[in-house]
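J.: Pulled these features from TrEMBL for this protein:
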type: DOMAIN; residues: 57-176; note: domain 'Amidohydrolase-related'
type: BINDING; residues: GLU134, HIS198, HIS219; note: Zn(2+) binding site
type: BINDING; residues: VAL152, ASN222, ALA223, ARG237, HIS263, LEU309, ALA310, GLY311; note: substrate binding site
type: DOMAIN; residues: 281-382; note: domain 'Amidohydrolase-related'
type: ACT_SITE; residues: ASP286; note: active site, proton donor/acceptor
Amino acid sequence: MKGISLIAINHGTIITANGLIQDGVVLIENGLISDYGEASRIEVPGEAEIIDAGGAYIAPGFVDIHCHGGGGVWSWEQPHEFALAHLKHGTTAILPTFTYNESREQVRRGIRTIMETMDSQLPYVEVIAGIHMEGPYINKKYGAVTSPIRPVNPEEYHEIFQLAGERIKVWTLAPELDGQEAFIAEGARYNISFSVGHSEATAEQIFRYVPFGLRIGCHCTNASGTTPSPSRYGGTREVGVDEAVLVHDDIFAEVIPDREGIHVRPLMLKLIYKTKGADRVIIITDAMPSAGEDNGDVSDVNWNHLGQLAGSRLTMDEAVRNMMRHASVGWVEVFRMASLNPAKVIQLDHRIGSIEKGKLANLVIVDEEVNVKKVMLSGRIVHETNESSTR
Ligand SMILES: [Zn+2]
């Protein structure tokens, strides 16, 4: 048995994608989940190192596919610091996400920085799972007036594909812009999941791109078009991007569940959850650099200098807590939305996103209030809180 590392986590409730296992044990062999189940069924080898979950929940680490910053830094400027700030809150896979405010030169430099970090030997860089481009080819009406939003430019996107290729996991765009068809067709070759956002595309325009990999509705009900008013027929309601996203079974809906229900009102969260179901909602933070810093008890949303809503200060643990509270979502369902669904949409669910045999032991141990007690990457504890655990 030499050279094999064996770890057993016991005294916890395991959250699987299909149910809870009370008094569960998770066995980890060389960083991978080798077995899990009720304590009475799992035989713990004598040489295994024991980690006591202290009666808390043992769950898959969070996967955040839409996150701009954290720990005081922008994700493309200091990706390592950014990833560590979110790791402490249980996010074990993250996509550094560009905004539509970066110039072509800033994007180029940022991509190089992210890729150098991913290829480095820095501790825990494996948390960085790829890149999300939120723009720049979005509809000007749904972005800040001053930002360098630009027309679809083949020369620019060729350069980005050359540079990053399959490391780009998500690309948010407005389907109604000229030139998107050629762009999406080319992006499909890199397995990119496209996201409709900052857009007022029609349902037909959106659905046409689903076969090319349009799989996400970017922060549903935020900057996702407005119902044209007055509508074609007085006293009726037009349909827009959100309705198209809610209706199509192959499109996931991202949501930002902040504490005060500002990005998405609690009733709207319930509506999205009810319509899409636990398999098609993805919880994101859309976080800015101030996320993950000790803000005291200030609001978890972020406003720009013009007083407009501009992302959040959320970390995934808090977003999950808010989702459970606002939309009465249970443990199993909330972890599908915060771990498995995002892992699926970036096609990494064969490695991460749920507690299953053969997947990486990227885990988070949380108490009843979703306070993070321990964070594990490939079976190693990378963060734990000091206070004694709940029991
Ligand atoms: Zn964003």
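Every residue gets a Cβ built from N, Cα and C, even glycine.
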J.: Going by C-alpha positions, which of the binding-site residues (GLU134, HIS263, LEU309, ALA310, GLY311) is nearest the residue listed as 'active site, proton donor/acceptor'?
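T.: Looking at Cα distances from the residue listed as 'active site, proton donor/acceptor', the smallest one goes to GLY311.
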J.: Can you tell which of GLU134, ASP286 has the most other C-beta atoms within 10 Å, given these are the recorded positions?
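T.: Top count of Cβ atoms within 10 Å goes to ASP286.
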J.: Which binding-site residues from the list GLU134, ARG237, ALA310 come close to ligand 1, meaning a Cβ under 6 Å from one of its atoms?
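T.: The qualifying binding-site residues are GLU134.
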J.: Relative to the Cα of HIS219 (Zn(2+) binding site), which of the binding-site residues VAL152, HIS263, LEU309 have a Cα no more than 10 Å away?
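T.: Near HIS219 (Zn(2+) binding site) by Cα: HIS263.
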J.: Using Cβ-Cβ distances, find the residues under 8 Å from ALA223 (substrate binding site) that belong to the same chain and are at least 6 apart in sequence, listing them in sequence order.
T.: TYR142, GLY143, GLY197, HIS198
J.: When secondary structure is assigned with DSSP, how many helix, strand and coil residues does the domain 'Amidohydrolase-related' (281-382) contain?
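T.: Grouping H, G, I as helix and E, B as strand yields 27 helix, 25 strand, 50 coil.
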J.: Tell me the residue counts in helix, strand and coil for the domain 'Amidohydrolase-related' (57-176), as DSSP assigns them.
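T.: Residue counts in helix, strand and coil order: 44 helix, 33 strand, 43 coil.
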J.: Relative to the mean position of the Cβ atoms of GLU134, HIS198, HIS219, the recorded Zn(2+) site, which additional same-chain residues have Cβ within 8 Å?
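T.: For the Zn(2+) site the neighbour list reads HIS66, TYR100, GLY135, ILE138, TYR142, THR172, SER195, GLY197, CYS218, ASN222, ALA223, SER224, ASP286.
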J.: Can you tell which of HIS198, HIS219, ARG237, HIS263 has the least company, meaning the fewest other C-beta atoms within 10 angstroms of its C-beta, among these binding-site residues?
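T.: Candidates: the binding-site residues HIS198, HIS219, ARG237, HIS263. Fewest Cβ atoms within 10 Å: ARG237.
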